[in-house]
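J.: A single structure is presented below for examination.
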Amino acid sequence: MSRVKSDSPTAVKDVHTGSKMQRVIYVTYLIAVLDITWMFLQFSITPYLAKKLGFDTLWIGYLQTMVGVVQLLGGPIFGRFADLFGARAAMCLSCAASVVYYGLLAIADSPLMLFIHKLPAVLMHSLPGAQMVVTDLTEPDKRADALGKLGLCFGIGMVAGSTLGGTLSTRYGETFAACVAAGGSFISFLLVWTFIPKHTKIQAPQDNTDKKSNAKSVFDLGEITRLMKFPGVAKTFTVKIISGLPSGIFQVMFSVIAMNFFQLAPEQNGYLMAYFGIVSMVIQGGVIGRLTSKYSENSLLLLSIGMSSLVGLAQVFMANVFQFCFIVLPMMFSLSVFNVITDSMLTKTVPSSDTGTMLGLCASVQSLLRTIGPTIGGFLYHNYGVASFGFIQFVVNMVVFVFMLRNMVNSKDEHRE
């Protein structure tokens, strides 16, 4: 009886009122923290498990590429699924896939099993799922700040997961750490099922016309790609891909850089990732909201790209982990602002009924970077060293910065005329 009531049009609208809306958002933040914790726990143990099973740098790159490929395929479909069937169904699907993913990691005792355990990642989109809920329940002018708070959750999960993963794998082994992640994902599943309403959009699909539209298919590529035709979407997506590629390459190769260039043990790597998380928490929880209230999103996007270029220049001359710890500060700032602002801009350019699909496409950009990043990164690392990552980031982002700056200047001149 209560479930029928919670899924009714009245209840859908009621989700957007006062305390109920805030409760759903807070629970979504908690679920995001938990899911990111298990993800970074896995990040901190997989490279070392792969090394034990005989993987070299090239094969670790192939493993990361596989994850990128399956999530690239799953991202837009997951977003479309959420638009059609609601946030609860989508997030439950993601959590269930996570349980299987970490369970398979726990029993992985061969290179083949390590590859097989990556397959459920096609449905693992917990952070985009949380972004969908937050996007649906916030006003457009407050969206960047709300997504920034979700980034704060990302930082907390990064700290907790990296520290926990390094400690558990060192003391109890990788299998035990993976079992903890599987159990934690099941808890996330229960939280989603209990607290997240079936529909978080104001316009729940109810009438016959909508049902016919929704019946097209989750896999309808036309419904997914049509979003690219909205004004400004293609341009922002192009900037998101091109500017994000160099830093994406560095991120996917970081586990290799930590092991081979910085010579870090698993526990030390966990502490470094925790440092990333702390910096990210401060920036996304205390800085981005204030910036978005004072400056336009276009200005902040330009700032993040310019700073990313300077970060790349600093990485060219980086020689040890101590120097890298200083570079992390502007690096995390530029990444955080860039991701939050681009996601916010893109969700504002489409109808509210399509925000899930749009966020799925945003997630697929990150997956695309993880798909091509390991191959490009492995080639650059073997032939030119770590400095090559920074040089490419400097050049690419400087070109994008100049291009966007010229567009902004020309746009202002046209308005004056």
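The backbone N, Cα and C atoms fix where each Cβ goes, glycine too.
Residues annotated as domain 'Major facilitator superfamily (MFS) profile' in TrEMBL: 21-413. The transmembrane segment annotation in TrEMBL covers 24-45, 57-78, 90-108, 146-169, 175-196, 237-258, 270-288, 324-346, 358-380, 386-405.
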J.: Any residues 6+ beyond the ends of the transmembrane segment (146-169) with a Cβ under 8 Å from its own?
T.: 25, 28-30, 32-45, 48, 127, 130-131, 134-135, 138, 176-177, 180, 266-274, 276-285, 288-289, 292, 336, 339-340, 343-344
J.: Among 24-45, 57-78, 90-108, 270-288, which stretch has the highest count of C-beta pairs below 8 Å with the transmembrane segment (324-346)?
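T.: Per the Cβ under 8 Å count, 270-288.
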J.: Can you tell me which parts of the same chain pack against the transmembrane segment (175-196), counting only residues 6+ beyond its ends and a CB-CB cutoff under 8 A?
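T.: Answer is 23-24, 27-28, 30-31, 34-35, 37-38, 41-42, 45, 87-88, 91-92, 95-96, 98-99, 101-103, 105-107, 126, 133, 164-165, 168-169.
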J.: For the domain 'Major facilitator superfamily (MFS) profile' (21-413), would you mind checking the mean pLDDT of the predicted model?
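T.: Here the predicted model's pLDDT, averaged over the domain 'Major facilitator superfamily (MFS) profile' (21-413), is 82.
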